[in-house]
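Here's the structure we're looking at; comments come further down.
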DNA sequence: CTGCAATTC
DNA sequence: GAATTGCAG
């Protein structure tokens, strides 16, 4: 063959080689996140996981979730927020990524684009700022729900900050949070991601002597009311969602704590 | 902290 | 599409 043909072939091989290597790197990066879901969780983490009404629980390094395919979002996200997790580091926000660990296919972030709704974190990025990996992992689409911006940056944000305050004060809390996926809901995007009409957050603390619980149920709208106005019993959220929140607790204790809507054990400062 | 959007390459 | 920059609650 001619020299010209040889050079052409070499050039093509080089281009394919570089492309292939970059593709290999990207595949490796994705594999890291997927494999992270297979890691064995700590005892405490497993212990407080709620039941799944959808049959699809996914474990990530920094949180676990139960994915509802019909609603294209998690019915709950659960994680332990330790005092040591709280840092002042200010990571750059990454791009949202489809969660490949969701076998039925997690929603694309494109559903949210120009929808008028925020990509609202369920496990807040601010709760996983102890490492770049943990922070980035919260930007998976299985960890977000459509939220009105005024709500997300308003009273919901206030609640999230209060959770961090409690995690610091009580040396760690276990957090379960999600939207109430029932009733008539609007949808956004081509995949019809449901817009919850209410959001909840359930906390349990076992590190402060005696076990205590608190639950919040908020309409999907901003509010200037104090946080304690939204305290409800865990039982009432279980009735709404069908989720059993702390099935591993001793029954008598579980029944007592979950029936209570008292917040006397939790400091609102 | 919680986010979106316009701009540039 | 990726990254930077600015803006808003």
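A Cβ is built for glycine as well, from the same backbone N, Cα and C atoms used for every other residue.
Pulled from TrEMBL:
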| type | residues | note |
| --- | --- | --- |
| ACT_SITE | A:121 | active site, proton acceptor |
| BINDING | A:152 | Mg(2+) binding site |
| DOMAIN | A:59-252 | domain 'DNA/RNA non-specific endonuclease/pyrophosphatase/phosphodiesterase' |
| DOMAIN | A:60-252 | domain 'ENPP1-3/EXOG-like endonuclease/phosphodiesterase' |
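According to DSSP, residue A:121 (active site, proton acceptor) is assigned to a strand segment. Counting only residues at least six positions away in the same chain, the Cβ atoms of A:118, A:120 sit under 8 Å from the Cβ of residue A:152 (Mg(2+) binding site). In the three-state DSSP assignment, the secondary structure recorded for the residue listed as 'Mg(2+) binding site' is helix. The Cβ of residue A:121 (active site, proton acceptor) lies under 8 Å from the Cβ of A:138, A:143, A:144, each on the same chain and at least six residues away in sequence.
In the predicted model, residues of the domain 'DNA/RNA non-specific endonuclease/pyrophosphatase/phosphodiesterase' (A:59-252) average a pLDDT of 96.
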